[in-house]
Every structure is written in C-alpha cells, then in structure tokens.
Amino acid sequence: MDVVTAQEMYEWDQVAIESSGLEGKLLMENAGRAVCFDLEKKLSKHQKIVILIGGGNNGGDGFVIARTLLNLGYSIEAWQVVPDSKVEGGSHFHKRLLENSGFPLYHLEQITEIRESLVGADVIIDAMLGIGMKGRLRGLIRQVVALSNEQEAFRIAVDLPSGVPADEGIDVDQAFEADYTCIIAAVKISALVENTRVYYGEWNVVEIGLPVKKLPSSTRKVWQWEDAKRAFPKRRANSHKGSHGKGLIVGGAANMPGSIAMSARATLRSGAGLLTVAAPGSAIQNVAPYVQEATFLPLQEDSGVVNGQIDTDVSNYDGVALGMGMGRRLKSHKLVEDLVCKVESPLLIDADGLYQLKDILHLVKERTNPTVLTPHPGEFAHLVDQSISTIVNAPFYYSRKFSETYGVYTVLKGPVTIITAPDGRQYVDLTGNAGLAKGGSGDVLSGILLAMMLQSNSIMDALNIGCMVHGLTAEMLTESEHSMVDLLATDLIEGLSQTFRTFSF
Ligand SMILES: NC(=O)C1=CN([C@@H]2O[C@H](COP(=O)(O)OP(=O)(O)OC[C@H]3O[C@@H](n4cnc5c(N)ncnc54)[C@H](O)[C@@H]3O)[C@@H](O)[C@H]2O)[C@@H](O)CC1
Ligand SMILES: [K+]
C-alpha cells in the first residue's frame, strides 16, 4: 500500500493518462465506481443520503458516485455546491451523464437551501475537495462543511475530507469530520499524520485501474502482513544457538532495573540465540532473576549509574542495543560515545542513549555499520532541535531528512510508527493501540528489534517485522485477556509467544 503526496498522486495520474492511454474521465468513472462498491458495505437502501459535490475532479468523482448509487437504488440527494462555471473537463462530462440519466441535481447558492436536507440526512458524502485543495476552506464550501459537522449523520469523505490537505506540515482550521474515508488509489500522507488523521475516521483504499507496472515506484509504503510473511526469518531445522545471533544489551541503572530487564527478556522471547546484558553490577542483581537465559557483564559504575567506557571487546557480537534505563547523567555519555565508535555490528540506540547522542551525531554519521535510532517524538524533537508539534505534524519529512543526513535507520514511534532507511525509503507500521501508551512498551520494542536484527539479513525488514510483532501482540492481548487500560509492558513480552505462533509459515 503506497503513501503519496498530492504531487506524487498527480504524477501517477499523468503517467496513467500518457503511458497507457487511460482517459481522465475514464479514471474518474473507475474511481467513482470503486468508491461506490466499497461504500455498499456501509450504506443501506433505507437511509437518506446527501452527496455534496464540488467543482474539481473530486466533485467529478461525486457525480459518478451519485449516478451509480442512484442506479443501484439508493436514496440519494445530489447537491452541486459550486457555480456551474467551476465545473469543467471530466467533471462536466460526468455531471451531464448524471443529468442525462434522468436524475435530479440540486444547485446550492445559499447555505439555507441545504439546511433541511443535511438535518434530515442519515449519511452525508463529501465529494467537494480532494488533493487539489489549497489554503483554508473558502466560501460556501466552508459553510457546508461547518453545517455537516453539526449533524448526527454518518459522514463519509471521498479520497480525503474537504479542508484536509493531502500533504503533511500544514495547519487545518476547519475540515469535514469524516467517520469513514474512502481513499482513492493510494494513501495520502495526511491520513497518517497527527493533526490531520483525526478528520479521516476509519479509512480504506480502493483500486481504480492505474497501470501499476508503469507507475514510478513509491518510496513510502504501509508495511503489511504479506510483507512480514515474505520477510520473516526462517529457523532451519539444523540451526543452533549461534545461527540466531549473539546480542548485547547495554544500559540499566540501580534504580531502573526494569527497563533493561524487559528489553532483555523481549529479545530472548523473540528468538535471539545468545544474549549478554551489560549493566551496572548493582542493577544486574535485580535483572538476572528475570532473564535466566542471559549472561551478564558488570559495567563500571558510580552510585548505581554507568560511568566510563566499556572494558570488553564488543566486536564479537552480532548486534548491540544501547540506552534502555541507563539514565541521563553526564557520566554515561562516555559509554555511548565509546560504543558508537567501537561497535562493528548493527547498533540500536534507544531512550536515554538517544539523549546522550545529540552532540555526537557526527560520530554516528562516520559509522560504517548500520545504526538504528528508535525515538518517540519527544526524543526526536530533542535530537533535531524542533518542537514536538512540528515533528508530529511533519514526521515523514523530518525523519527522512534525519536518516539521510546521518546515514541511520530511524524508527519514529507513535500511534503511527515511521521506519526510515538511510537512503530515505520509508515504511509505516499501523499496528498497535492505546494500550501501548505506557512506560516499558518502548523497552520491549527495542528488545524485539534487536532480536529481529540478529536474525534477519535486512535491517529494514527486521525493523518493520519487529514493529509489527510488537503492535499485533498488543492488539491480540486487548482482544483477549487484557484491556487497553490494564495492559502492561510485561504482558506484551509473555504475549509474544502467541504472536510468533501465528507467524507459522
Ligand atoms: N485524473 C485525475 O486527476 C483523477 C482525480 N481524481 C479525483 O480528483 C481529485 C483531485 O482533483 P482536482 O485536482 O481537480 O482537485 P480538487 O477537486 O481536490 O479541488 C479543486 C477545486 O477545489 C477548489 N478549491 C481549492 N482550494 C479550495 C479552498 N481552500 N476552498 C474552496 N475551494 C477550493 C478549486 O477552485 C477547484 O475547483 C482527487 O482528490 C480525486 O478525488 C480521481 O477521479 C481519479 C483520477
Ligand atoms: K472530499
């Protein structure tokens, strides 16, 4: 499932029209019909449905939808909310087709004319503005959106809710508040971004007959179950503990043994062959009983906090995770710097490790082996010197820029997790739920990611699979023995077995 900007979507449409000879109005017919067949699962013939139609191609889709649903026997009132002079090209063609089919079309000139219809509607379909919307909502459409939002009716948007831009990083002051959005051909970035995704409600993408082989390949995709199925590391019958990687987890503090303990246990539960935990000795005594399968490496410490560099040779590990529960004291800085320079395998840095990274990003850039950073928006905002709201409203832009600048894999966590490779390729993980918004979830994720990195030949696959395993485990647990309220990070670790069993391929 591709994720596109408005410009990329226009390029796709152009390729379709130029390279395969698909005419714009045929694409519009396809789009409108695909939306209708998707909407049939949401609609019933007893409902009173009002469809709001704009002047651009989104409105063109609206004319097709109105005609098709009327043909199917739905009770539809179709309103053109812009003057005739604004309805051009393919939209004009489909407007005539609707009228020539013998169906009525109402023309809105003043907001009062439509009030009664909207108040009495069971369903309101918004086909006013799509990816061509610019700036804030204007004129009559703005009033129609406000009035629609006041109604009890089920609200459906076509492609995107009017007033919502397709791209990220743009403020919205007013927009159609959809309960469901039927997205055309590819997910628009705004469906996945904090300040705009709320307007979409639930959503689905419909296929409209674009010539997929001819389209430029997208560098942004939603990671799906089929992808995980293809990429999941296989355990061969003749494998031994060395075949699945030898990992090292570094972090912990005397007063925070839980974080690193959870990471370590999650790594072991996720299939790592061998694991060593390096932590202050005073933390190890509390971590050890929880992860009996691991070996331990006491770090130099001062009052329960790591102090100084690591004495052990770290070159014989296949992967290292650093930072969980380490604390943000200045004395742990040397350890982070040391590992950034010395680890010759994939290095994952999370939590307090990220905090220590800001002034040594130039060293991260010099690493020749993969580096993975797993910040939440607050940690990322600190790293890139932006506000949290700037990050959450333009996460694709900032994480790509960061990954490309420093040559790192970035896992930007949140309700939508964005995984970016050093070359700028991005995957989106949509699994998980609010049960994960708790201390410890991130530690578990780091542990799973380390294990996946140890077992996979591709860091990108490992990160995507790890995020999906983490999210699906939360979903599975809140559908069975837990709720989003009581779910704990430790429950996730124990729930992993069930998730991995479902990956039985
Ligand atoms: N060939 C294509 O390009 C296809 C386009 N499709 C549909 O076409 C849409 C894009 O069509 P367009 O590029 O014509 O753009 P839109 O239909 O999204 O918007 C353009 C119209 O909106 C008005 N407008 C822009 N900003 C406004 C604002 N702030 N307040 C009020 N009015 C405003 C403009 O005057 C213009 O009439 C897609 O979202 C999709 O629904 C689909 O039919 C598939 C094929
Ligand atoms: K719309």
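Cβ coordinates are placed from backbone N, Cα and C, and glycine is handled just like the others.
Small disclaimer: the values here were computed from a predicted structure and weren't measured.
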K(+) binding, same site as D126, S162 - TrEMBL member from N57, N58, N255: N58
Same-site AMP binder from G439, G440, G442, given that TrEMBL records K413, G414, P415, V416, T417: G442
Output field, AMP shell: CB within 8 Å of site CB centroid, site K413, G414, P415, V416, T417, G442 dropped: H376, L412, I418, D429, G432
Cβ neighbour count within 10 Å of D126 (K(+) binding site): 32
Count of other CB atoms lying within 10 Å of the CB belonging to K413 (AMP binding site): 24
Close-lying binding-site residues around ligand 2 among N58, D126, M133, G135, S162, where CB distance stays under 6 Å: N58, D126, S162
Sequence-ordered binding-site residues from N58, G135, H376, T417, G442 with Cβ under 6 Å of an atom of ligand 1: N58, G135
Rounded Cα-Cα span from G414 (AMP binding site) to I131 ((6S)-NADPHX binding site), Å: 25
Subset of binding-site residues (G59, D61, D126, M133, D159, H376) lying within 10 A of K413 (AMP binding site), CA to CA, in sequence order: H376
